[in-house]
């Protein structure tokens, strides 16, 4: 039978960094609240959560990378909101942030979770920050817990 690896959803003993974009703060603050709530409800101690605010979503990957350079975190959550406007700016920002977040995770070997809302309208973004479509910050935190535990299991099995 094949050996199966899965991460569990127990946050006790894990440390998290969270990078939050200040642009659209009325939305990103809800993402941060959802993420912190999920982490704490899953057993992460409040003093094991550190938050860094950045001006906008484009700056998220750099600060996530700098946080991981400190070797203090089991995962970093990246939270922001990019809303489509009348120019191609949305495509550039959304694409580069997603690539940057993925690159940081691949380069460091530490889970870096993409919790950035990309939406066509502000209404869609608000819904995904906790009204009708759940809270993407909460979802990012749960993914972070699972991935941090999975990486630990993979490392301990070698």
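Glycine is no exception: its Cβ is also placed from the backbone N, Cα and C atoms.
According to Swiss-Prot, the protein carries these features:
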{"type": "BINDING", "residues": "23, 57, 58, 59, 81, 82, 83, 114", "note": "5-amino-6-(D-ribitylamino)uracil binding site"}
{"type": "BINDING", "residues": "86, 87, 128", "note": "(2S)-2-hydroxy-3-oxobutyl phosphate binding site"}
{"type": "ACT_SITE", "residues": "89", "note": "active site, proton donor"}
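Features per Swiss-Prot, on structure.
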residue: 23; record: 5-amino-6-(D-ribitylamino)uracil binding site; Cβ contacts under 8 Å, 6 or more apart: 55, 56, 57, 80, 81
residue: 58; record: 5-amino-6-(D-ribitylamino)uracil binding site; Cβ contacts under 8 Å, 6 or more apart: 93, 96, 97
residue: 82; record: 5-amino-6-(D-ribitylamino)uracil binding site; Cβ contacts under 8 Å, 6 or more apart: 57, 90, 93, 94, 97, 116, 117, 118, 119
residue: 83; record: 5-amino-6-(D-ribitylamino)uracil binding site; Cβ contacts under 8 Å, 6 or more apart: 24, 90, 119, 120, 121, 122, 125
residue: 86; record: (2S)-2-hydroxy-3-oxobutyl phosphate binding site; Cβ contacts under 8 Å, 6 or more apart: none
residue: 87; record: (2S)-2-hydroxy-3-oxobutyl phosphate binding site; Cβ contacts under 8 Å, 6 or more apart: none
residue: 114; record: 5-amino-6-(D-ribitylamino)uracil binding site; Cβ contacts under 8 Å, 6 or more apart: 78, 98, 101, 102, 140
residue: 128; record: (2S)-2-hydroxy-3-oxobutyl phosphate binding site; Cβ contacts under 8 Å, 6 or more apart: 117, 119, 134, 135, 136
Recorded positions compared (57, 59, 81, 89) - the one with the fewest other Cβ atoms within 10 Å: 89
Rounded inter-Cα distance in Å - residue 59 (5-amino-6-(D-ribitylamino)uracil binding site), residue 89 (active site, proton donor): 15
Per DSSP, three-state class assigned to residue 86 ((2S)-2-hydroxy-3-oxobutyl phosphate binding site): coil
Per DSSP, three-state class assigned to residue 59 (5-amino-6-(D-ribitylamino)uracil binding site): helix
